[in-house]
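Asker: These came from Swiss-Prot, pasted as-is:
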CROSSLNK  K353  SUMO2 cross-link
CROSSLNK  K354  SUMO1 cross-link
MOD_RES   S87  phosphoserine
MOD_RES   K126  N6-acetyllysine
MOD_RES   Y161  3'-nitrotyrosine
MOD_RES   K327  N6-acetyllysine
MOD_RES   K354  N6-acetyllysine
MOD_RES   K448  N6-succinyllysine
MOD_RES   R493  omega-N-methylarginine
MOD_RES   T519  phosphothreonine
MOD_RES   T519  O-AMP-threonine
MOD_RES   K586  N6,N6-dimethyllysine
MOD_RES   K592  N6-methyllysine
MOD_RES   T644  phosphothreonine
REGION    126-281  region 'Nucleotide-binding (NBD)'
REGION    410-420  region 'Interdomain linker'
REGION    635-655  region 'Disordered'
Amino acid sequence: MKLSLVAAVLLLLLGTARAEEEDKKEDVGTVVGIDLGTTYSCVGVFKNGRVEIIANDQGNRITPSYVAFTPEGERLIGDAAKNQLTSNPENTVFDAKRLIGRTWNDPSVQQDIKFLPFKVVEKKTKPYIQVDVGGGQTKTFAPEEISAMVLTKMKETAEAYLGKKVTHAVVTVPAYFNDAQRQATKDAGTIAGLNVMRIINEPTAAAIAYGLDKREGEKNILVFDLGGGTFDVSLLTIDNGVFEVVATNGDTHLGGEDFDQRVMEHFIKLYKKKTGKDVRKDNRAVQKLRREVEKAKRALSSQHQARIEIESFYEGEDFSETLTRAKFEELNMDLFRSTMKPVQKVLEDSDLKKSDIDEIVLVGGSTRIPKIQQLVKEFFNGKEPSRGINPDEAVAYGAAVQAGVLSGDQDTGDLVLLDVCPLTLGIETVGGVMTKLIPRNTVVPTKKSQIFSTASDNQPTVTIKVYEGERPLTKDNHLLGTFDLTGIPPAPRGVPQIEVTFEIDVNGILRVTAEDKGTGNKNKITITNDQNRLTPEEIERMVNDAEKFAEEDKKLKERIDTRNELESYAYSLKNQIGDKEKLGGKLSSEDKETMEKAVEEKIEWLESHQDADIEDFKAKKKELEEIVQPIISKLYGSAGPPPTSEEEAADKDEL
């Protein structure tokens, strides 16, 4: 049965793909694959038959998912933002992925707020981020907007490498992300000016990276993906380019950040015990500790102890402690062990024994932790995990392959992806019972219908409440959305026939329809979780804001560039006037004095007018040129000014 279902789904998929191609034929250009991570993001492209992971402007292949706003009003994204976290913690935003698609009341949001250095406020039952964007201006951003800024950075990284505009992308999400989180991620893409052609699950993308070139018959692959903020386990069968997800499980709130947090809390307590001082009051000190703890954690993957040294940590005092691997493991042992539960669950759901697993693929930076590797190995009775792929880049690699498929690249071969919905979907029926329509681990895309009726006589309206989760009662599950079907003709209870249809698309996003079979009256809802989801108007406003930000960034850069040009020119002249071997030795004392005075004047003006606008900087440079050039022309006759002044200075970027 299962095989024929798969074959049918395959035919359906290939059929729809072809039909879509016939319909579309639009040129989507180069489609990029983006791994939008909690702590780091990565972008890849399928080019000339292979995947290229693209380095950012700092030369790094992964980019911190950080956005910062400086007091001068500059917006920094990526490495530059992360590097100034300790000096500007209140306005440096990270971990947006832990807030995206969640409600304000979500216990995990409430837990996170305690440890985030920036302000998180409630707006329309959602967590919004409040920062000072410079010039004493406060602004609130939805988590989608912060994620959009990171996506924009990845888009620009790809554009710089490709030398052309990028408009279409495949973006990855944790397999265990629910409907609201997937929709919100798609919205973030829209705000960043990207058409997100497909949302794919991270472990599935990693499996593509692992199995793209494996052609030796059917294999069972277990992907264990533990990143900075989320954890997924997926079990797939790979068979000559067909990747079928059999089961998936995980925790969308478990990762390296939680391990860091445990260590930080340990040291904060220790410091209080030793000095009586509570560091938590000082945001900067806590962020300095965060930075050093993360460094120490990485070091402990290859050594048994690491020193944590922080100069002027708190109230001028230094911090110096040792963290051993054993202590790190002890502080996190319950979290490490909890990663085995989803592994067990996935095996149960797919009716497989441990010995049936052919390969274990470790993905995500946190799988470098020796204890995690040891626990996985012990769970699988000593079986060594596969070491063939880069845990940081595998997800973006797989996304880039899928992007290649969607852009019609012939070199990707016959790649077919069959993914599943991670959670059971259903509706509430009398007594608050969860009536399941689509069980978890059903292959998507899928469509299921069921007939329901009214609960009381002459009931004119039925309210359809859509839930996801595994518990028998809806109160224990997650409400996705609600809608009404009205205009039901008066009839005794149980007589009207109401057909409810659930349809999940390839992105794992759900659409629900209800139809009164008697009247043909229909109502539908794309589950966009109205309280949770941005409205089209909000998205449009955010798109405009994002464009405005890009414009402001450009203006700011232009202002800095013109300021630097004036500064370089002035200092270049100052150095030449002072050099007796060069210009200084050739000028008459009168001309020298005129030039020195003009140069000093401009340097002083610069020091007191850091915030002047572009026109002012240009005007001051012109004034200086008008004084200097006649003197230099006189000196050199008609040979023109010496080449080492303005032209050379203007060509050099100041550091």
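Every residue gets a Cβ built from N, Cα and C, even glycine.
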Asker: What Cα-Cα separation, expressed in whole Å, is found between the residue listed as 'N6-succinyllysine' and the residue listed as 'SUMO2 cross-link'?
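Answerer: With distance taken Cα to Cα, the residue listed as 'SUMO2 cross-link' is 30 Å from the residue listed as 'N6-succinyllysine'.
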Asker: Treating G and I as helix alongside H, and B as strand alongside E, what does DSSP give for the region 'Interdomain linker' (410-420) in helix, strand and coil?
Answerer: 3 helix, 5 strand, 3 coil
Asker: Of the recorded positions K327, K353, K354, K592, which one has its Cα closest to the Cα of S87 (phosphoserine)?
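Answerer: Given the candidates K327, K353, K354, K592, the nearest one is K327.
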Asker: If we count other C-beta atoms within 10 Å, could you say which of the recorded positions K327, K353 has the fewest?
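Answerer: Checked K327, K353; of these recorded positions, fewest Cβ neighbours within 10 Å: K353.
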Asker: Could you check the modified residues R493, K592 and say which one's CB has the fewest neighbouring CB atoms inside 10 Å?
Answerer: R493
Asker: Where does the residue listed as 'SUMO2 cross-link' sit in DSSP terms: helix, strand, or coil?
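Answerer: Assignment for the residue listed as 'SUMO2 cross-link' reads coil.
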Asker: Quick check: in three-state DSSP terms, what is S87 (phosphoserine)?
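Answerer: It is coil.
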Asker: Taking Cα atoms as reference points, which of the recorded positions Y161, K353, K354, T519, K592 is nearest to K327 (N6-acetyllysine)?
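Answerer: Comparing Cα positions, the candidate nearest K327 (N6-acetyllysine) turns out to be K354.
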Asker: Just to verify a number: CA distance, Y161 (3'-nitrotyrosine) to the residue listed as 'SUMO1 cross-link', in angstrom, no decimals.
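Answerer: Just about 43 Å between their Cα atoms.
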Asker: Determine, using Cα-Cα distances only, which of these recorded positions is closest to the residue listed as 'omega-N-methylarginine': K126, K353, K354, K586, K592.
Answerer: K126
Asker: Among the recorded positions listed here, K126, K354, K448, K586, which has the most company in the form of other Cβ atoms within 10 Å of its Cβ?
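Answerer: Checking each of K126, K354, K448, K586, the winner is K126.
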Asker: Between K586 (N6,N6-dimethyllysine) and K126 (N6-acetyllysine), what is the CA-CA distance rounded to a whole number of Å?
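Answerer: Answer for this pair: 70 Å between alpha carbons.
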Asker: Out of K126, K353, K354, K592, which of these recorded positions is nearest T519 (phosphothreonine) by C-alpha distance?
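Answerer: Sorting the recorded positions by distance from T519 (phosphothreonine), the top entry is K126.
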Asker: Helix, strand or coil by DSSP: which one applies to Y161 (3'-nitrotyrosine)?
Answerer: helix
Asker: What Cα-Cα separation, expressed in whole Å, is found between K592 (N6-methyllysine) and K126 (N6-acetyllysine)?
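Answerer: Answer for this pair: 65 Å between alpha carbons.
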